[in-house]
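Student: According to TrEMBL, the protein carries these features:
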ACT_SITE  Glu161  active site, proton donor
ACT_SITE  Glu235  active site, nucleophile
DOMAIN    13-325  domain 'Glycoside hydrolase 35 catalytic'
DOMAIN    383-480  domain 'Beta-galactosidase 1-like first all-beta'
DOMAIN    509-568  domain 'Beta-galactosidase galactose-binding'
Amino acid sequence: MSRLEGLKANSSQFTLEGEPFRILGGSVHYFRVPRAYWEDRLLKMKACGLNTLTTYVPWNLHEPERGTFNFQDQLDLKAYVSLAAQLGLWVILRPGPYICAEWDLGGLPSWLLQDEEMQLRTTYPGFINAVNLYFDKLISVIKPLMFEGGGPIIAVQVENEYGSFAKDDKYMPFIKNCLQSRGIKELLMTSDNWEGLRCGGVEGALKTINLQRLSFGAIQHLADIQPQKPLMVMEYWSGWFDVWGEHHHVFHAEDMLAVVSEILDRGVSINLYMFHGGTSFGFMNGAMDFGTYKSQVTSYDYDAPLSEAGDCTPKYHHLRNLFSQYHSEPLPGVPSSPERKAYSPAFIQQHLSLWDVLQFSDKPHRSDRPVNMENLPVNNNNGQSYGYTLYETTITGGGALNSRNNIRDRAVVFVNRECVGCLDYKTHEVALPDGKGERTLSFLVENCGRVNYGKALDEQRKGIVGDIVLNNTPLRGFSISCFDMKPSFIKRLTNSGQWKTDFKSHCIPGFFQARLCVDGPPKDTFVSLRSWGKGIIFVNGQNLGRYWFIGPQHFLYLPAPWLRSGENEIIVFEEQRVHDKLLFAENPDYGKVIDVYRLPFCTLL
């Protein structure tokens, strides 16, 4: 058969190059795995008996500013897909533009929200114009990797779970045309959960389903609405994600295996979401909001077959045994996992308060009214996407400070740089002490992660998004400073020469510096933050992500490729409470667990 005949869905089973083909897939996101470990994770996928890699493509990372594209280094999508091909894996690409993925704004760039009228995931002109420009660039990168051109990409997904959103019946045809008009000829797919199948999909694209359990005849439902077509579970949820303040979700291997076995027994193709979750490094975690805002944690371990650090779990070994039955040849050997080490504690040596570092941020923006992060005149007028924003104004008295729920998402409040309380979605009021003369009122506002799923996408502007009142009078006359904590900012801190060693001075919130000495080749480790409060941590300029004493996560994954032999610089930004040292461990503790299989079905939709 000609290499030109790719993946087809013309009968009750897939064919590839004219031969029957069962998709045994797994999701691994290149943007959640250090590039140095891509090969390790994909080799383990191959050794587990999978034949297809699936990955999303995060628009917000690839176009961080309007018209500025990045497909290099950690974001080298072409290299990632080419590596999969070298290792003998096919690829299903899920390019969005919306991806969900428990990723900030579902992968959509925050600068879209500068337009007050923006309607994301619709044919609103401001959105489709941006999508067209992005797809011009993206598809120029991926088109040479298509099966037709000798590459490994055998199918491309049209958007993602649009049936759960479904605001515009012209939108999915538009996205499909975006792909085909730019030369994508491989099989197109859509994916939706059971409910979303009713209004998801687009003519000419194969429907697939997302699920964790086989309740309500889900697969038969798919077969009924799409007869004489191959059946596929595009996302078989091998675990689940976590949110701050709740328990760590687990899905027991035996429960998972029973469902996967039944799916395969029925002749259905499958993709494990996730096969390896990895980490939402930096500020990239998403959030949920179904009436209550809940921010997701940094770890995307997902209780997946491969752990956050790439270990083969009991799930992995069960699946390997199962998938081996669908291969005529023995599976490749399983690569050993990278070594880990519990390094000696790193002691805090120096510090700088938040107020000390104002001089290293860009010139403050002055505005009579508060301005949300996305509309600040920073980053070449693309606004502020992530991190913290400091809003300061002058008051002459005390009383009742009320946010009117205009804080997104959490603010530490100061009067003359003394903390007086916090404001968030649950707490809207703080009492300000009386005082004489003019005093500075400060709000350090954190974007804790934009919602990545559901109807609230258009309402994800961050910072202060409306009036804050003191004794029912709106505050005016703000000075606004951007703390997006990009590598360039951390570098300025490192080289500032302003660090202090006197810990008697008031320094919270602030930056705390420690040195980790690595003897010999670096090894993976986990940083324990159990004795700290809330903040983020940088190692050699790399943002490992957020930590928070409320848990469930108290350890942050530190990959060996981000360390170097000898001295390593660690900077912690801490909001609430400081410890004198950082501890390291070989293994993480993800906190108290809850079994997702015992949760009500509706909570997983």
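Here the Cβ of each residue, glycine as well, is placed from N, Cα and C on the backbone.
What TrEMBL says about a protein is an automatic prediction, not a curated fact.
Not measured: the values here are computed from a predicted model.
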Student: Taking the active-site residues one at a time (Glu161, Glu235), which has its Cβ surrounded by the most other Cβ atoms within 10 Å?
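Tutor: Of Glu161, Glu235, the one with the most crowded Cβ is Glu235.
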Student: I'm checking region-level scores; what's the whole-number mean pLDDT for the domain 'Beta-galactosidase galactose-binding' (509-568)?
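Tutor: Summing pLDDT over the domain 'Beta-galactosidase galactose-binding' (509-568) and dividing by its length gives 98.
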Student: Rounded to the nearest angstrom, how far is the Cα of the residue listed as 'active site, nucleophile' from the Cα of Glu161 (active site, proton donor)?
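Tutor: It is 11 Å, counting Cα to Cα.
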